[in-house]
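Going by TrEMBL, these are the annotated features:
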COMPBIAS  610-629  compositional bias 'Basic and acidic residues'
DOMAIN    556-730  domain 'STAS'
REGION    604-629  region 'Disordered'
TRANSMEM  82-102  transmembrane segment
TRANSMEM  129-146  transmembrane segment
TRANSMEM  186-208  transmembrane segment
TRANSMEM  220-242  transmembrane segment
TRANSMEM  262-286  transmembrane segment
TRANSMEM  347-369  transmembrane segment
TRANSMEM  425-445  transmembrane segment
TRANSMEM  504-531  transmembrane segment
Amino acid sequence: MLPKDDSCAAVEDRAEGDPQHPLILERVEKKPEKKWHTVVLDRVKKHCSCTPEKVKSKILGFVPILQWLPHYKLRDWILGDLMSGIIVAILLVPQSIAYSLLASQDPIYGIYTSFFSSVIYAILGSSRHISVGIFGVLCLLVGQVVDRELALAGYLPESSIGINNSDTLLAGQGNGSNVECDRSCYAITVGATVSFTAGIYQVLMGLLQVGFVSVYLSDSLLSGFATGASLTILTSQIKYLLGLKIPRPQGWFTMFKTWYGVFTNLATTNICDLITSLVCLAVLIPAKELNELFKSKLKAPIPFELFVVIIATLASHFGHFSSEYGSGVAGDIPTGFLPPQLPAWKLIPNVAVDAFSIAIVGFAITVSLSEMFAKKHGYTVDANQEMYAIGFCNILPSFFRCFTTSAALTKTLVKESTGCQTQMSGLITAVILLLVLLVIAPLFYSLQKRIPFQTSFEVGNSGLHTLRCVLAVIIVVNLRGALGKFRDIPQMWRVNRIDASIWLITMATSALVNTELGLLVGVLTSAFFVLGRTQQAQVTELGRTATREHYENVSSYRGLQTHSGVAVFRYGAPIYYANQSLFKKSLYKCADLNPVKEKAMRLKFKKNKKQQEETGKIPKVKSEDNLSKENEVEASASITMMLDEKSSINIRSLVIDCSGILFLDTAGINALKEVRKDYRELGVEVVLAQCNTSVLDSLERGGYYDSKKDGEVGKNNMTFFTIADAVSYAQSINVPNGDYDNKS
């Protein structure tokens, strides 16, 4: 048996032999702190040392596919991965085309983005289940940046393209861009540059090991942000459902600006687009409800969106919409891959701030979904590795004209529910998207949204909006999940009003003011509520149970007993600069004895008493003023004597349960010193109990236990690990009341 075990046994025997003996614990000696240069050298040696095992571990950690692919269980997993990969790919094709609208890009670039992100995340991602690709909120944020840069470069809004028969850069305007680059070319250049910059941010955050920041983005915050952004997305698609030619507004309060533009241009509604939108909504909304209703019976959701796209394409082709109804078609959708190109370096300063908020949103969504599904299926994910994975999903595809991606909840749920086991399903999705890019894309000839520069706009303008209304319907229908959160508001309010308030504030700011600002306001609101909880903490009086040495709040439980002359209180929050005055105020109120006011009243009474003694006999005739002053003095004396009598009878010692105090700063230590000093001058002893080691160390460093200042050696060094020991000690001491009166 180790020596410390013998000492512990001796202490236990002594405690059992003497029930009044307080619990004694011996602190483990701390190791001497290393000097800063020693710590730096140790870290450098740890991270810079190179051994074969460490190299292997780093490579496997950075490329997770090398870990799970050699151990892939082909017979057990391939069927589920194959099914989920095919289903997700079928859903991705129409959604990639539709969500390209939000990012102000041509549909082909949405398919490019989904393909590259699926491949890269399958190689670098640590989650087995999430689906990385186009996400509506990020597409909206990218589209806002793209439209702003197009306007700054001098390109006409899409609603004005048909008037001037040109979508090239206006002469003499722009930022030095090549005039041969048309509007679509410049739009994807901006989108790719934003994606590249956001990816750089994410990789840098991974290198700096700041993956922990995801814990500061609560579920209520992210849900409110997504719902607010969904309202903005819904508003942005109204013009396409009605076939209106309205440019996307920029800046703050875009929702109000958009609805104002819709109502002022309502008379120009395209009836063909409106009818098409209503028909597609009438088909897709019930179809989605059927998928949800029979989700448990269906092995995979029925891809109604793809059916709508195919039917719209066939109707446009065989119905001769171009010649009969003046609906233009796009022409050929390019097959294969365009050659890689570098981002526009000159644009990076313009989009750097926007890219940072996009990087944060993309990372937060990806990590949240990764951790949620990892917890559900019993494995772990590395937040920093997720940062690397999503960062490279943005950096590498940006060279191939792709825009920003992240995990998407809807497709992830579909992927998991259809039997996904590993990211092999992501590779299967990528193979199917590759076939679409190389073979099937030309079949969507009649559905392509962009009219090429050579097309005559006199014929093609209506066809452009006919297609967009179909894609807008797909976008709107896919917002059902996020918008359905409004039904949960009463339940959220009943469960936790603070989380519900965070959700409402974040949602309202994101939807009504500005999408990026909504995320910032949500973070600040969450921090404000956390601080507010420490401000609202109150001191509570504790009582002892009848059968055990256990203390609880007397206002919450019946049958608790209090001790005569000893009051026990608990404070359930850290004591720091922001709430130290509130702590003292709450303690004085709960104890029903404010030492500061008591001392002031005693001073006033002593002063008046001394003046009376010096003046001798009090004159019989007094003025009204003197009479009122005398009454005031007598009242003060009476109140003071009542308080003094109460304190001398009811409160001779005060025990503070510090189990809920997580930490103290300098202001908190000083507050405890002031409380002890003020009460001691009234003859009330203050005792601390159940302090954690952090609080004990802070008190020791702050000089709370320095007995020389009080002139009572050893009296301040009493440390109690249970409330019962502190109460026993407080009952044993006999401090004469009114110590302040005995001082000269």
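Heads up, the Cβ atoms here are built off N, Cα and C, so glycines get one too.
Between the transmembrane segment (186-208) and the stretches 82-102, 262-286, 347-369, it is 347-369 that has the most C-beta pairs under 8 angstroms. Of the candidate ranges 82-102, 129-146, 220-242, 262-286, 347-369, 220-242 contributes the most Cβ pairs within a distance under 8 Å of the transmembrane segment (504-531). When Cβ-Cβ distances below 8 Å are used as the criterion, the transmembrane segment (129-146) is approached by residues 88, 92, 95-96, 99-105, 110, 113-114, 117-118, 121, 187, 190-191, 194-195, 225-226, 229-230, 232-233, 236, 248, 250, 254, 351, 354, 357-358, 361-362, 365-366, 369-370, 373-374, 377, 389-390, 393, 403-408, 411-412, 414-416, 420, 426, 429, 475, 478-479, 515-516 of the same chain, each at least six residues removed from its ends. Remote same-chain partners of the transmembrane segment (347-369), defined as residues 6 or more beyond its termini with a Cβ less than 8 Å from a stretch Cβ, comprise 127, 130, 132, 135, 137-138, 141-142, 144-145, 149, 152, 175, 189-190, 193-194, 196-199, 201-202, 205, 211, 214, 217, 219, 222, 225-226, 381, 383, 386-387, 389-390, 394, 404-407, 409, 412, 516, 519-520. Note on the domain 'STAS' (556-730): its mean pLDDT in the predicted model is 76.
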